[in-house]
Amino acid sequence: MIKLIVGLGNPGAEYTATRHNAGFWLIDQLAREAGATLRDERRFHGFYAKARLYGEEVHLLEPQTYMNRSGQSVVALAHFFKILPDQILVAHDELDLPPGTVKLKLGGGSGGHNGLKDISAHLSSQQYWRLRIGIGHPRDLIPESARAGAKPDVANFVLKPPRREEQDVIDAAIERALAVMPMVVKGELDRATMQLHRN
């Protein structure tokens, strides 16, 4: 059963619409659906709400520590409420999936994602759930003929807003993720994964 849903992103209005904030977009939607208000909670270093989602009590969190310090926020809340790693779902942007793709998985490495790296370090575990929201990779925007030897600027890419057509399919992917949330919060994660990956 998932007790804590974390969305990753960077704080500040200048980052709101950037690809790296896809996790925040999901949490904002969940909070709206639950009629919950995210409030600045200093002891958790983030915006926090306790929500009633699909009959279950769930903690929603948007760390306000900047991406590479996300673990500080997650571990503060997890320790306070005695939440285990496998009861945590972290929603994050995923370079290795094209826009419009969304996948669930338990555990694994960070894939170069600094937010995940910091969470794993603070929890001393990689055994938490991830909701991977595809944003694509900057190399995909380079014509194939020019890709050899090209060094795409990943840092610049994730800190820019998606193109309009990308935003539309990312929003649709987040809607599909929201559709399986009743199963997720009830602990039916295998079923949620199968349904999400079928789309």
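Cβ from N, Cα, C; glycine included.
Listed in Swiss-Prot for this protein:
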- Asn10: site 'Discriminates between blocked and unblocked aminoacyl-tRNA' (SITE)
- Tyr15, Tyr66, Asn68, Asn114: tRNA binding site (BINDING)
- His20: active site, proton acceptor (ACT_SITE)
- Asp93: site 'Stabilizes the basic form of H active site to accept a proton' (SITE)
Asp93 (site 'Stabilizes the basic form of H active site to accept a proton') in three-state DSSP notation: strand
Cβ atoms near Asn114 (tRNA binding site) (within 10 Å, other residues, all chains): 16
CB-centroid shell, 8 A cutoff, tRNA site Tyr15, Tyr66, Asn68, Asn114, site residues removed: Asn10, His20, Thr65, Met67, Arg69, Ser70, Gly115
Candidates Asn10, His20, Asp93: member of the recorded positions with the richest Cβ shell (10 Å): Asp93
Cα-to-Cα gap, Tyr66 (tRNA binding site) vs Asp93 (site 'Stabilizes the basic form of H active site to accept a proton'), nearest whole Å: 14
For Tyr15 (tRNA binding site), the number of other Cβ atoms found within 10 Å of its own Cβ: 18
Secondary structure at Tyr66 (tRNA binding site), reduced by DSSP to three states: coil
Rounded Cα separation (Å) that holds between Asp93 (site 'Stabilizes the basic form of H active site to accept a proton') and Tyr15 (tRNA binding site): 13
Those binding-site residues listed as Tyr66, Asn68, and which of them has the most Cβ atoms within 10 Å of its own Cβ: Tyr66
Close recorded positions near the residue listed as 'active site, proton acceptor', where close means Cα within 10 Å, chosen from Asn10, Asn68, Asn114: Asn10
Span of Tyr15, Tyr66, Asn68, Asn114 around tRNA - largest C-alpha separation, Å: 16
Whole-number Å value for how far Asn10 (site 'Discriminates between blocked and unblocked aminoacyl-tRNA') lies from Asn68 (tRNA binding site) (Cα to Cα): 9
